[in-house]
Amino acid sequence: MGERKGVNKYYPPDFNPEKHGSLNRYHNSHPLRERARKLSQGILIIRFEMPYNIWCDGCKNHIGMGVRYNAEKKKVGNYYTTPIYRFRMKCHLCVNYIEMQTDPANCDYVIVSGAQRKEERWDMADNEQVLTTEHEKKQKLETDAMFRLEHGEADRSTLKKALPTLSHIQEAQSAWKDDFALNSMLRRRFREKKKAIQEEEERDQALQAKASLTIPLVPETEDDRKLAALLKFHTLDSYEDKQKLKRTEIISRSWFPSAPGSASSSKVSGVLKKLAQSRRTALATSPITVGDLGIVRRRSRDVPESPQHAADTPKSGEPRVPEEAAQDRPMSPGDCPPETTETPKCSSPRGQEGSRQDKPLSPAGSSQEAADTPDTRHPCSLGSSLVADYSDSESE
């Protein structure tokens, strides 16, 4: 190891180049150090790389091609002038030793003991590989003209069979002849694809931010598009639209509160409508009398009592009919006095003046006058909506 270094060598004072020759001889050591410990037996320790796949006979494990070992190398023979070397190494998985040696005749390695080769060899002719011409065949082609002619015919037939394949290979190679244009086209496609991927990532990130999603989104498919086309979404109203809708609702609402029992109130209103309609039909069919109109005939004070009034007044020996019973008894049009059945006539302005002269005006006003005047209603009248005065103003 020290011989490989060109500097930093130490020569002791007793070193004599004529006597020792080199530092290795002075130190009585070999340049390969421990690797040459068996050099006296003709064995050199080297790094050996496995040439092919094998199976170990000791542990039955597979040892791949390219695995390196510390192997003992020694010469065991010659193939003509080429030496044959044998390599002995220990399996790294067990205590078994594997021995291999070179085969110069076949340019290969042969397993001597300790392992089995994994067969992965094929015939070159079957694989359509180029076969090397043997030395004897070369000499025969040079000396024998007939053999050379036959070999030429075989080569031409092989060429005709291989022409389609060769033309296809040439076309494939011509497509890649302009490498600059092809490189530019490939880089342009890569840029377009990268831009599309970036746009898709931006859309996905926007959707994830909008929906607050943390899961990764997968690319959409045709089935997803069909399923999305079947869905229908309604547009959500904004805050202003909702407020406008509420205002419209409030404006169109009724001012009067609805009764709690709307169904019962509707039934009651229906019954009232029916009663009013029946009343109208009854009034239309029956004749209207003076008593029905509520007309009362007012007489003067000096007019003698009418015979009807005298008849109504009970005598001293007769029992008096209570007023409530008389009011409860329904009266027919025949019970009314004859003077009430007359058609009312409007009094003249003169009659109005006479009636006003009968009653002096009080300073209190019309309210006091209405309180002093007794309410005399005819028993046949239904109300006091209309009053007619038939008193003789001229007699007064």
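Placement of Cβ uses the backbone N, Cα and C atoms for every residue, glycine included.
Annotation source Swiss-Prot lists coiled coil at 182-214, citing sequence analysis. Nonlocal intrachain contacts for the coiled coil (182-214), taken as residues 6+ away from its ends with a CB within less than 8 angstroms of a stretch CB, comprise 176.
The feature compositional bias 'Basic and acidic residues' is assigned by Swiss-Prot to 315-327.
Look at Swiss-Prot and you will find 340-350 tagged as compositional bias 'Polar residues'.
The Cβ neighbour count for Ser40 (phosphoserine), using a 10 Å radius over every protein chain in view, is 7. What Swiss-Prot records for Ser40 (among others) is phosphoserine, and it gives a large-scale study or a structure entry as the kind of evidence.
According to Swiss-Prot, the phosphoserine annotation covers Ser306 (among others), on the basis of a large-scale study or a structure entry.
What Swiss-Prot lists as phosphoserine is Ser362 (among others), and the listing cites a large-scale study or a structure entry.
For 1-26 (among others), the entry in Swiss-Prot reads region 'Disordered'.
The region 'Disordered' feature in Swiss-Prot is assigned to 295-396 (among others).
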